[in-house]
Amino acid sequence: MISLPGPLVTNLLRFLFLGLSALAPPSRAELQLHLPANQLQAVEGGEVVLPAWYTLHAEVSSAQPGEVPFVMWFFKDKEKEDQVLSYINGVTTSKPGVSLVYSMPSRNLSLRLEGLQEKDSGPYSCSVNVQDKNGQASGHSIKTLELNVLVPPAPPSCRLQGVPRVGANVTLSCQSPRSKPAVQYQWDRQLPSFQTFFAPVLDVIRGSLSLTNLSSSMAGVYVCKAHNEVGTAQCNVTLEVSTGPGAAVVAGAVVGTLVGLGLLAGLVLLYHRRGKALEEPANDIKEDAIAPRTLPWPKSSDTISKNGTLSSVTSARALRPPHGPPRPGALTPTPSLSSQALPSPRLPTTDGANPQPISLIPGGVSSSGLSRMGAVPVMVPAQSQAGSLV
């Protein structure tokens, strides 16, 4: 088919039709255009035929030899009127998807529309002007019909709103994004047993199904059907009713765990800081305490008894053995030396004479030598022959 001319040519063709009608002389033939219906419906994606034909009064219905029709089809949308097909002087021009049902010349002017879309809805006008074999116009007629393109429901989407647990309330929603006319919804449960729902739990306009006080027996596969005059589409959702704790209990357990972990981390951090605080004073340098003074010890010459009588030799009560006399060769500890083995001296007895001083220096070593060796002199008290201290 030849593509349609522009709007300017369309207007010129319309003026041509009007001119032919005005110049037509009076004639016994009267042209009548017939459209059997004022409205037609079709489905999007399909095709439709807009029926139209004309007759001449007092003549047969079929075209006569030399009869020349001029045909134009127009479509008017919300903004402007467009020419979709024309047949003039044996030449047909049309838009894609638009054609005449019968070959021309013919008195049947039916128009076929293919690949319909919703935007093709609107009024269509057919205009016809006929000339006889002598080139004289036999008449002119124009009529309009309305086309309504219906759209079947697009596949809906099913959703579950709420937490499906025992005793809770949930809502099943179903929504189709596109349809003409508007769809209505129906919810059914298919498995494990069939069940149909009605108002008030079912909203056929919004497509919502309210389920209250859930129980385990209400679980199953729920199917939503969206339907209108020209089609049906459906979706489904599986409802599983749980008996576990609710969302609030789970959330509380999670929050409690997080708080416990936070407190534990705080205690560990506090313990770590206190450990550092105790280590720092231990590493500080402190001044040592003053050493005690050393008492002077008497010289070794002062260890001899003033009366010249030495009954026993001892260092101090702390240096004596706790029980019994010291054994020969016992260790005698001193404040500044480790221990030395000193023999226990024996007091010689004389008849009525005063005893002579006995040197306590063993081995014949002098007191000055012992001092150089580190020995410490010890004050020994004198005793009388009766055993009392002098």
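Each Cβ is built from the backbone N, Cα and C atoms, and glycine gets one as well.
Now, the feature entries from Swiss-Prot:
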type	residues	note
DOMAIN	30-143	domain 'Ig-like V-type'
TOPO_DOM	30-248	topological domain 'Extracellular'
TOPO_DOM	270-390	topological domain 'Cytoplasmic'
MOD_RES	SER301	phosphoserine
REGION	316-365	region 'Disordered'
MOD_RES	THR332	phosphothreonine
MOD_RES	THR334	phosphothreonine
MOD_RES	SER336	phosphoserine
MOD_RES	SER339	phosphoserine
MOD_RES	SER344	phosphoserine
MOD_RES	SER371	phosphoserine
| remark: On the domain 'Ig-like V-type' (30-143), the mean of the pLDDT values is 87
| task | Mind tallying the domain 'Ig-like V-type' (30-143) by DSSP state, helix then strand then coil? | result | 3 helix, 61 strand, 50 coil
